């Protein structure tokens, strides 16, 4: 399997990576060497005979190399396949910029294989250049100049390469509203100047196939007429997609492919087609008919990502020749489209030849190393060691700038498989160049153990040995094929080793031997696996102070629960069986109002730690025990002579006590003062009752009634006196006013009410005579 050694740099990187990954081996239910190798890059398998003891699982054979060596497995018995890379050069000759041309990888899951790819930029590499021009009306001056540039463009290419070809295509936009005016007259002549001869709008027209004939270029371009549309953005991405998707129609060779995109405005992209009721996404296929993109009104514009993928797939490098106001817009576009460049185009395109030369030099001096699409099970990273001293590590693609002619640069490619893969291959290429590296990937998952299949005695003659373990014949099972199934299926035997249908065989911690679980021995010190289904062990219990069940001195673990030794208790035997910390000064546990657990009181509701003596939030007992105080001291009240039964928790004291002072009314309405001193326990008090009661005499009913009647009468008399006084004052005031008016009046002999019956009238004419 091994051929040429991989380069030293790749080998060093691979070994250093392997050292890191080999420090651990995470495994689960491993029963073969292949399953062990698939568990991780740090796992190795011991094929030594009798390496496992009675009850040991086969998974004991799978561990890190240091662990297996420590357990007595010889180095020759350890199976540890590694990922390898074999390189093969192409000896067919020809100018190759990438080497090697073929690499074969043998990949172990989780372990990378590394190899080097060298790129050497060649001088005079063949070039195909396709000039794609915007023919909207604003590009009128540019079209005039481009018609004269055929010879200049080809001469510029010949300065760079000995084999250059040029082609030409043009675009405007989709021929539906709102992109163009769909009035019949405007469709025939979309230009604002009616006297100007214009061609109808179109999405994309392939004018000239790639050729080295500059006269033909000049002739065909000279026939082109300007056109027009409505909105500012153009349908340039539509045209670029067709140029990339139609290699045969365009005439692309397998050489450096340049696409010059000349415009003075922006571009429509995916989703804009909805404005014209075009809902079908762009399919990225060639739809040229008679050199026209006639189905442009059926498909939406392509997305930028879709176009970038198509350009990279066909190894086309776009050069955006745009006017000054659009430079920033297209610079943003080049960040998404790899291996692309932007040049500032003069208003009349007079500098296009110089622009193309500069852009080509910029593109060819930067190298991107990338690969085609891969399944999720393969991961590829690149380390770039550029000639200018710059290094990029662990990148999704290789990237070097400032690459000079005939100066080699190196990329280290690391490929990792996440699982055992099927045989497959992928291609690595330098974007914009035609050379490729074919990488064939093979799985490295099998163990090449010593062939002992003929020695059947080690398996009781009922099987053969494979990598240290027996593979039994039909009808026999067991570690050494010692168990005969006797017609029972393996499923039936395994069913006896399951707790229920949803559980795994022997809880995953034992082997099912002849229908019975043989529990594994554990690598963990002190762990014993047992039980009918190996469901129990001596370690999976609660811990205290970092030890199972508080340590051997406190208790032992039995099937998930701690059994504590005498003197200890608790779910993890964390508590000592003593109540010293719970005793009050009277040596009563938690004052009779709680429970002592782990030498700490757990008080009844409301009572406070540490000894459950106080209950700040509890209701006052005064009102509850007034009847008891009355019967204990005075032998009165509702309890009467049945006081001892009604008040069992109270004890009468003849001497004053300390505690809660109460003052309540008894059944006779007298105030009784007493003091309650709480004793140990619930509702237990020592009570001292004051002998004197404050009894209030009954009310004098006659005095109350007489006083009430007298008060009402007096109030009535007082109101009458006040009313009479007010009437008198009002009459007095009226009389005095009458007296004043009488003094002011003057009387004569004439009756002021009499009117004379005689009326005298003077004749005015009498005086004139």
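Any Cβ shown, glycine's included, is placed from N, Cα and C.
What Swiss-Prot lists as Mg(2+) binding site is 136, 138, 234, and the listing cites experimental evidence. Just so you know, the Cβ of residue 138 (Mg(2+) binding site) picks up 18 other Cβ atoms within 10 Å once every protein chain is counted. DSSP assigns residue 138 (Mg(2+) binding site) to a helix in the three-state reduction.
The Ca(2+) 1 binding site annotation in Swiss-Prot covers 138, 141, 142, 264, 347 and is backed by experimental evidence.
As annotated by Swiss-Prot, domain 'VWFA' applies to 124-363, with the evidence given as similarity to another entry.
The DSSP breakdown of the domain 'I-EGF 1' (449-482) into helical (H, G, I), extended (E, B) and coil residues amounts to 3 helix, 10 strand, 21 coil. The domain 'I-EGF 1' annotation in Swiss-Prot covers 449-482.
Look at Swiss-Prot and you will find 536-574 tagged as domain 'I-EGF 3'. Across the range of the domain 'I-EGF 3' (536-574), the DSSP-based residue counts are 0 helix, 16 strand, 23 coil.
Annotation comment: Swiss-Prot describes 1-22 as signal peptide.
With the fewest other C-beta atoms within 10 Å around its C-beta, 347 stands out among the binding-site residues 142, 234, 264, 347. DSSP gives residue 234 (Mg(2+) binding site) a strand state. Residue 264 (Ca(2+) 1 binding site) and residue 234 (Mg(2+) binding site) are 9 Å apart (CA-CA, integer value).
The binding-site residues 136, 141 differ in how many other CB atoms lie within 10 Å of their CB, and the one with the most is 136. For the domain 'I-EGF 3' (536-574), the list of distant contacts is 509, 522, 524, 526-530, 597-598: same-chain residues at least six beyond its ends, Cβ to Cβ under 8 Å. The average pLDDT computed for the domain 'I-EGF 1' (449-482) is 79.
Taking the centre of the Cβ atoms of 136, 138, 234 as the Mg(2+) site, the nearby residues of that chain (Cβ within 8 Å, site residues left out) are 134, 135, 137, 139, 172, 228, 229, 232, 263, 264, 265.
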